[in-house]
């Protein structure tokens with residue numbers, strides 16, 4: 001594998017070895033695991049009579065965890081074997097693979113080896129990934145493994161790469177490449193066939209228009225392209241740097257020129273991507289008060305599936321936190337043996353121990369983002385079990401839990417995400433005002449408070465509904481841990497303005513929030529300039545479906561909680577919203593949602609700093625290597641179309657789509673142009689959707705990608721594609737031309 005030749009951990013994996021696969025305390029079986037020669041596939045053999053062999057792609061792995069860091073390993077193994085255990089976490093809904101090696105050293109080698117391969121694959125350019133994919137498909141098509149390809153195998157290969165070619169055309173390509181007239185393609189003939197197949201006609205045209213120096217691009221030609229087509233603010237120095245970085249031909253590089261291959265490498269790199277590379281790391285001001293940010297937030301985080309009978313799991317928290325979710329929900333109830341549990345009350349969802357959830361949160365909260373995590377507590381427990389909850393929060397989270405205001409004086413505003421790095425904030429009920437946290441005069445051990453709004457809604461939708469809202473007894477120690485996020489009932493914007501402290505926040509059911517956003521948008525925006533608002537899905541969404549978060553962001557709501565476990569358009573938009581700024585889970589709201597004089601209303605769009613009319617031109621040019629939807633069906637080829645969607649203020653919402661192309665998922669070409677009128681670009685989200693057209697039923701999703709319009713680069717750009725669950729499809733992509741300009 002390029003970059004890992006001779007690596008001892010890679011060699012160890014290629015030799016393979018015995019591991020114990022663990023499913024329960026009783027089910028622990030020996031399995032032989034081995035990395036295949038392609039360094040992209042893991043093979044394992046079971047010891048049954050029929051000796052079944054299984055493989056899975058390294059591409060399917062989300063992460064590898066050392067130690068007993070999965071629910072299964074925690075439950076079914078002893079702490080004495082901690083260093084022998086590791087777990088393979090897959091993308092999507094495939095079950096974890098819990099494994100145990102003979103000793104700690106071997107476990108470490110497995111984890112290190114897999115991590116190195118995954119990291120290596122991640123760092124490949126799109127061009128290299130594309131080559132890997134094609135070579136893999138060639139291997140599969142070479143049925144008799146003689147490293148030659150006859151016409152039948154060539155047709156099989158074309159189906160593998162998702163392109164339907166009629167027999168005449170297939171025979172024509174074959175004949176053109178079979179220079180030796182041997183009836184098979186081998187060696188340089190296969191290379192010729194590969195070059196014919198991967199030729200990018202659209203890029204050839206662009207390159208040809210600017211390669212004015214002996215058939216190549218000089219640094220001056222490249223600069224001309226960057227200024228004219230890509231609309232980038234660059235200098236000659238930048239053009240030379242790009243040549244040094246991407247040019248593959250040493251002679252061209254010495255002459256400060258870019259060959260066609262170098263140009264293709266540049267186009268496939270992040271500089272040629274739709275996402276502005278300057279927006280990839282944390283680039284926003286992180287020193288503003290916490291309520292000045294949109295915060296990536298999850299609802300019923302403990303659920304893996306639906307809200308009625310699905311399983312609850314610590315794994316659901318880990319997955320949400322690893323996606324940089326910064327607000328998770330804990331629905332707490334009295335459990336057996338005095339141990340508080342988390343589950344969806346009044347339903348058949350399974351239960352998970354509160355203690356285990358807090359441990360998982362502690363271990364994974366800051367793996368992908370250093371910024372604070374809010375623990376949204378929905379408390380249904382008796383005082384005795386609340387005392388235990390308080391004990392676990394303190395003993396497990398320790399100093400990372402904020403238990404008093406920062407500084408020694410009574411705050412008048414939120415601290416910033418920067419000040420709260422690596423910290424946990426508790427959101428829940430509090431018995432008294434925050435100033436009591438600074439003078440320890442309070443002698444109340446426990447008292448009653450109103451049940452919070454979501455808990456009441458949960459009961460209303462539950463089987464045992466009695467009264468809509470009741471009182472619960474609250475333990476003093478648990479109450480005192482609530483500092484910046486005290487949960488209070490919303491009694492109107494005027495009441496909040498006069499009576500609510502900045503740290504007192506309300507949770508709104510989606511119907512209530514949408515109604516307020518439509519009827520009182522400007523007061524809602526002003527309310528969110530001083531306080532936090534949390535929006536949660538209606539209890540009637542028993543299938544864990546989601547509402548559209550955009551109208552909530554439009555009125556400045558920060559904690560828009562979605563069901564992370566449900567792959568859907570709304571989650572794609574959420575993933576796109578939090579894609580820039582280091583994907584850290586915090587996005588700074590536009591100035592007009594933070595500045596008190598603002599009279600912004602998303603529906604009326606009166607004149608103001610938010611109104612920046614733009615014309616957005618999108619040309620959908622082509623796609624590359626779209627995956628087959630039905631991989632098992634030999635003859636199934638996709639008929640792709642592309643839809644371009646804008647989500648933002650009502651005046652900006654729009655959707656336009658291309659025609660579909662028959663039987664070509666490998667290199668379909670549309671060359672269709674769309675124009676969108678944009679009024680408030682700072683709130684607009686752009687989403688590309690690629691679907692397989694079906695005249696008889698719903699189109700199937702092939703891939704999608706979403707990002708804020710303000711993070712889009714102009715010019716010729718490649719768009720990566722993600723699965724429905726939000727994982728990258730490594731070799732697939734769109735090629736587009738984009739131009740966001742001031743409206744006339």
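FYI, residue positions are counted from 1 along the chain as it appears here.
Yeah, the Cβs are placed from backbone N, Cα and C, and that goes for glycine too.
TrEMBL labels come from automatic prediction, so no person has curated them.
Since the structure is predicted, the reported quantities are computational estimates derived from the model, not experimental observations.
Here's what TrEMBL has on this protein:
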type	residues	note
ACT_SITE	299	active site
ACT_SITE	344	active site
BINDING	637, 639, 663	Ca(2+) 4 binding site
DOMAIN	129-164	domain 'EF-hand'
DOMAIN	165-200	domain 'EF-hand'
CARBOHYD	180	O-linked glycosylation site
Recorded positions (180, 663), the one with most neighbouring Cβ atoms at 10 Å: 663
Spatial neighbours, same chain, of residue 639 (Ca(2+) 4 binding site) - Cβ under 8 Å, 6+ residues apart: 660, 661, 662, 663, 692, 693, 694
Rounded Cα-Cα span from residue 299 (active site) to residue 637 (Ca(2+) 4 binding site), Å: 38
Residue 299 (active site) versus residue 344 (active site) - Cα distance in angstrom: 11
Secondary structure composition of the domain 'EF-hand' (165-200) [DSSP: H/G/I, E/B, coil]: 22 helix, 1 strand, 13 coil
Neighbour count (Cβ, 10 Å) for residue 344 (active site): 27
Largest tally of Cβ atoms lying within 10 Å of a Cβ, found at which of the recorded positions 299, 637: 299
For the domain 'EF-hand' (165-200), mean pLDDT (0 to 100): 77
Distance from residue 180 (O-linked glycosylation site) back to residue 299 (active site), taken between C-alpha atoms, in Å: 64
